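Colleague: Here it is, the structure in full.
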Amino acid sequence: MVLEYASADHATPPDNAAQRAVDRALSDLRRGEAVVITAEDGGALLAFAAEAVTTQAMNHLAQLTGNAPVLVVTGQRGRALGLDVPVDRPVRIAPPAGLTPDLVRDLSDPTRPARAGQGMGATSLPGGAEGAATILAKIARLLPAALVAPLPLGRAGVVDGAGFARRHDLLCVRAVDIIDYRRRSARSLARVAEASVPLEDAERTRIVAFRPSDGGPEHLAIIIGDPPAGQPVLTRLHSECFTGDLLGSLRCDCGPQLRGAIREIAAAGAGIVLYLAQEGRGIGLMNKLRAYRLQDGGLDTVDANTVLGFDADERVYLPAASMLRQMGYAQVRLLTNNPDKMAQLAASGVDVVERVPHIFPANGHNEAYLRTKAEKSGHLF
Ligand SMILES: Nc1nc2c(ncn2[C@@H]2O[C@H](COP(=O)(O)OP(=O)(O)OP(=O)(O)O)[C@@H](O)[C@H]2O)c(=O)[nH]1
Ligand SMILES: [Zn+2]
């Protein structure tokens, strides 16, 4: 019997090919390599993570494209640089005197010496490949800023991003696929492993792991007892907090919230903790540490995110909704103080029938954090 294997080009549906391209581009960007980004408007550029900038990298971008690289940051970062720009659009920064690695670092990383954006040739952009470059940096859990250089016109007088990438052994990814990556990734989650793991506070516990088809970070469902499908399940959506969950950080309330949820669900008899790989409200641990540095300098937890160039909250709740649906749960009683979390979960198709307050006392270190969440993020304490 001859086994017919579909060729690699046909084995993966278009979604996966796009996801694979973005996932490979993420690791190239994190590795300090350039990536070609093409946009629907015909634009195409070479992008490089601003936080990895070196003189060699800047020269390489210029030599390959014949254009001087410029810096692209998010609108949030542009505002933090004192520019009067919309927060939801990328900003191109092209100082008349040109960019240096130090200037790129100072403009994109607020934990470095402050620079003003005035006089830096800043322009707000509609989005396109430049906006996608900052989103790619965000998904890569880097500072949301990129050095970019437009590609030269090809022989036919048009920009050929894919051809340019092939000639220079670079990855080429479409802006639209970058923008769609997180939604598609959530849609592709599948169970990959499961084990019973008796916990100190909940002996009858199983852990089910879900992985997206693009190989991105896994998310966990910690199932306590045997919650019956078809009725509201007591649920905690817990975003990963390495410092709080593992080290007992006093800067936040995550550690007590995680252990408290396990205890409360065990006392109720059954329920689920969804442990989501969304460290730092989705900005990643390195950037959360940078945010802590800014908070030590007087910013609150919301402003620290936006001064870094992120939104106050970068989390997406589609993975949580997908996991609940796959496990047969359509309705939840949600342990949370965060109305946005409830709204986003509901918007992702889960019926949040009740909010169960999940409040833990301040500890002498996290008062400002809890106060800001109440005053700026609508948390209900
Ligand atoms: N960017 C940033 N993230 C933080 C900070 N302190 C804690 N976090 C992150 O905030 C998230 C808290 O997640 P949760 O406790 O699930 O959610 P919540 O928004 O606090 O809402 P609740 O459901 O009421 O707890 C985790 O990802 C933490 O890593 C901070 O100062 N800055
Ligand atoms: Zn925390």
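Using N, Cα and C of the backbone, Cβ positions are placed for all residues, glycine too.
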Colleague: Kindly point out which candidate in Q257, Q326 is recorded by TrEMBL as part of the GTP site with R236, L237, H238, S239, E240, E279, G280, R281, T301, T336, K341.
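Modeller: Among the candidates, TrEMBL records only Q257 at this GTP site.
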Colleague: C252, C254 bind Zn(2+) in TrEMBL, but which of C172, C241 does that record place at the same site?
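Modeller: So, going by the record in TrEMBL, that would be C241.
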Colleague: Roughly where does the domain 'GTP cyclohydrolase II' (191-357) sit in mean pLDDT, to the nearest integer?
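Modeller: For the domain 'GTP cyclohydrolase II' (191-357), the model's average pLDDT rounds to 97.
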Colleague: Should any of the binding-site residues H238, E279, R281, T336 have a Cα within 10 Å of the Cα of C254 (Zn(2+) binding site), which are they?
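Modeller: Neighbours among binding-site residues, in sequence order: H238.
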Colleague: Measuring C-alpha to C-alpha, could you say which of the recorded positions C241, C252, D313, R315 are within 10 Å of R281 (GTP binding site)?
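Modeller: Within 10 Å Cα-Cα: C241, D313, R315.
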Colleague: Could you give the Cα-Cα distance between D313 (active site, proton acceptor) and C241 (Zn(2+) binding site), in whole Å?
Modeller: 14
Colleague: Just jot down the residues in the same chain as E279 (GTP binding site), at least 6 apart in sequence, with C-beta under 8 A of its C-beta; none if empty.
Modeller: S239, E240, C241, F242, L285, K288
Colleague: May I ask which of the recorded positions E279, D313, R315 have a CB within less than 6 Å of any atom of ligand 1, listed in sequence order?
Modeller: E279
